[in-house]
Amino acid sequence: MLQTSNYSLVLSLQFLLLSYDLFVNSFSELLRMAPVIQLVLFIIQDIAILFNIIIIFLMFFNTFVFQAGLVNLLFHKFKGTIILTAVYFALSISLHVWVMNLRWKNSNCFVWTDGLQTLFVFQRLAAVLYCYFYKRTAVRLGDPRFYQDSLWLRMEFMQVRR
């Protein structure tokens, strides 16, 4: 079971990684004149998203629901977050690769192709949804019902079996 002190530490780490993601999304365009710094920020951002994915799955694995073999129940409850996180991760990597390819050799030019603008908008939209759903999932996983046998779990199990 995830103890309160450990949960607070894990939640703080998740929020720190989300804050870094928000920071890079907000201010990375200001550093387009320094492509090496922008590249490092993008790499760290992608690693932070990957760490958040790992942390959320470790939290899933730590639940009584998962240990009882009800993986389908967890997936059903949190599939939106799982899918959105994967989509956001793919969009972020795509945007970072595209931006670095266009601006690496000539960082003085302000290059925005139609495709890049479209990808930029979708990545930023996905970022907002990712932050909301990820925070909601992280907080919901603090519910004690996920860490012990309960009437709620038995009722959910019966609904899944139908």
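Cβ coordinates are placed from backbone N, Cα and C, and glycine is handled just like the others.
Annotated features in Swiss-Prot:
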- Asn6: N-linked glycosylation site (CARBOHYD)
- 7-27: transmembrane segment (TRANSMEM)
- 41-61: transmembrane segment (TRANSMEM)
- 80-100: transmembrane segment (TRANSMEM)
- 115-134: transmembrane segment (TRANSMEM)
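Around the Cβ of the residue listed as 'N-linked glycosylation site', 11 further Cβ atoms fall within 10 Å across all displayed protein chains. Non-local neighbours of the transmembrane segment (7-27) in the same chain are 41-42, 44-45, 48-49, 51-52, 55-56, 59, 124, 127, 131, 134-135, 138-139, 142; each lies 6+ residues outside the stretch with a CB under 8 Å from one of its CB atoms.
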